[in-house]
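Enquirer: Let me begin by handing over the structure; questions about it come next.
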Amino acid sequence: MKVVEVKHPLVKHKIGLMREGDISTKRFRELATEVGSLLTYEATSDFETEKVTIEGWNGPVEVDQIKGKKVTVVPILRAGLGMMDGVLEHMPSARISVVGIYRDEETLEPIPYFNKLASNMEERIALVVDPMLATGGSMIATIDLLKEKGCQQIKVLVLVAAPEGIEALEKAHPDVELYCAAIDEKLNDKGYIVPGLGDAGDKIFGTK
């Protein structure tokens, strides 16, 4: 599995700001969007382009346009919504496919409860967004669903990943690509990433 930890100074700086214990909901939300945008830039760097002639201000002009499969952005509810706008800044016409999965607090197992996917998934590249890759359960369940619907090219964008989550994802889906802003030390006994960001969903939505 291709794993890319984006080491750009802006990414590292912004993730550092997100680790502050008393960060406001507004600031955390803004930074999640900004880092999501920067990860998208990296994840799409291998998209192919083709020459197209358009009508410019002074007559026909040849330009580069992205070719190939269409893109669908797949936020995992609810925290994934916090990164979605950052992705859409670069691809505003991308279709949105929503997947709802929550983690059982006792067993840590993923529980699917909702999905609404774009049409013709077999013709699309999926950019799956979720702030944290902890145990990997929710991400694996989401990718299972996407593949069941025919999607074969999948890129995962997360803010912070744990080694345990990376290992689980690679074992289940070695053909996907993972882009993250940080790979942290480990999971604690409650399944949270350490040092991590805390509960990203609560920080994005201002809930406890």
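Yeah, the Cβs are placed from backbone N, Cα and C, and that goes for glycine too.
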Enquirer: Kindly point out which candidate in Arg29, Arg95, Arg103 is recorded by Swiss-Prot as part of the 5-phospho-alpha-D-ribose 1-diphosphate site with Arg78, Asp130, Pro131, Met132, Leu133, Ala134, Thr135, Gly136, Gly137, Ser138, Asp199.
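Expert: Checking Arg29, Arg95, Arg103 against Swiss-Prot: the 5-phospho-alpha-D-ribose 1-diphosphate site match is Arg103.
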Enquirer: What's the CA-CA gap between Arg78 (5-phospho-alpha-D-ribose 1-diphosphate binding site) and Ile193 (uracil binding site) in angstrom, rounded?
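Expert: So the Cα of Ile193 (uracil binding site) lies 18 Å away from that of Arg78 (5-phospho-alpha-D-ribose 1-diphosphate binding site).
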Enquirer: Drop a 10 Å sphere on every Cβ of the binding-site residues Asp130, Asp199 and tell me which sphere holds the fewest other Cβ atoms.
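Expert: Counting other Cβ atoms within 10 Å of each of the binding-site residues Asp130, Asp199 gives the minimum at Asp199.
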Enquirer: Sequence gap of 6 or more, C-beta under 8 Å: which same-chain residues meet both conditions with respect to Met132 (5-phospho-alpha-D-ribose 1-diphosphate binding site)?
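Expert: Within the chain, Met132 (5-phospho-alpha-D-ribose 1-diphosphate binding site) has Cβ neighbours under 8 Å at Ala79, Val158, Leu159, Val160, Ala161, Ile193, Gly196, Leu197, Ala200.
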Enquirer: In terms of DSSP three-state secondary structure, what is the assignment for Met132 (5-phospho-alpha-D-ribose 1-diphosphate binding site)?
Expert: strand
Enquirer: Check Ser138 (5-phospho-alpha-D-ribose 1-diphosphate binding site) against DSSP and tell me helix, strand or coil, would you?
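Expert: In three-state terms, Ser138 (5-phospho-alpha-D-ribose 1-diphosphate binding site) counts as helix.
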